[in-house]
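Engineer: From Swiss-Prot, here are the annotated features:
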- 95, 100, 106, 341: [4Fe-4S] cluster 1 binding site (BINDING)
- 126, 130, 133: [4Fe-4S] cluster 2 binding site (BINDING)
- 32-52: compositional bias 'Low complexity' (COMPBIAS)
- 109-330: domain 'Radical SAM core' (DOMAIN)
- 32-64: region 'Disordered' (REGION)
- 1-70: transit peptide (TRANSIT)
């Protein structure tokens, strides 16, 4: 799942506060418009208690957000066009829901003009509770909408994007983890708009390799699954049902299930990982022939989520990009604001162009 960012100016659904705040201490503040009377307005403000933070959550006063993480408001002609289309089509995008800092770059198409967006399938409620993510959770979320695959395809076919990323919450309540629903959506899209490039950013399907195969053979162009963090921090960062080896097995099986399948993964930095641990994780991904890697800064959604241990500098991100490509990744997107689906269309096209150039040079 992609990391979601929290914007305090956005009104969050009641279920979010119920999930994240009811376990904390309550402070009652009485706000009166006039002198105390029967018409006095009372507002209950709920704040996190230090007792409920846990050993890995809360904010570290010694770690200050640097200037390089500040972004200008998104703008541009293509951005406005896509935004208007989204509104009329009523599509649920991770770009907007997660307040992604790269929304302007992706929707405008960056330097290559390839507009990219990320659509969330299977609802907005996850069956897991990873400590970095602000998506609401439930053991029994609402059943998937059976019309969603076709409706999504119809909407996307009429929308001016060249590259679409399909992702979803984890659905451990479904027998196949939602793989069949994903597959139906991809097939419907390709039928209506064959030229569109489709990337699927998936869950681990509980390690069900048959579910992985179902999706791999649906017609998608890129299979993405995130290991999220280094091996040592897995149990701290991710839900216990996720796992480092399980994620690697999913990526490995996707690569081996179909010749030429492009695979992709992502790692968040700033969670306390060491350079050697990150090198180990990158080596493990290359050992199973993962093609594309994205590296970005972890940003804490709320004080109840994992503490940011470090803000990695842009220079260090540049080093990791160079290092990653030196050990064999076909493309590495590395930067403080990079996220899993960051300008995904550009990454895919650059990878393909680089591959074609190499093949041409190799021919006699």
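The backbone N, Cα and C atoms fix where each Cβ goes, and this holds for glycine too.
For the listed features, I'd like the structural context: burial, neighbours, distances.
Structural biologist: Secondary structure from DSSP puts residue 126 ([4Fe-4S] cluster 2 binding site) in a beta strand.
When pLDDT values are averaged over the domain 'Radical SAM core' (109-330), the model yields 91.
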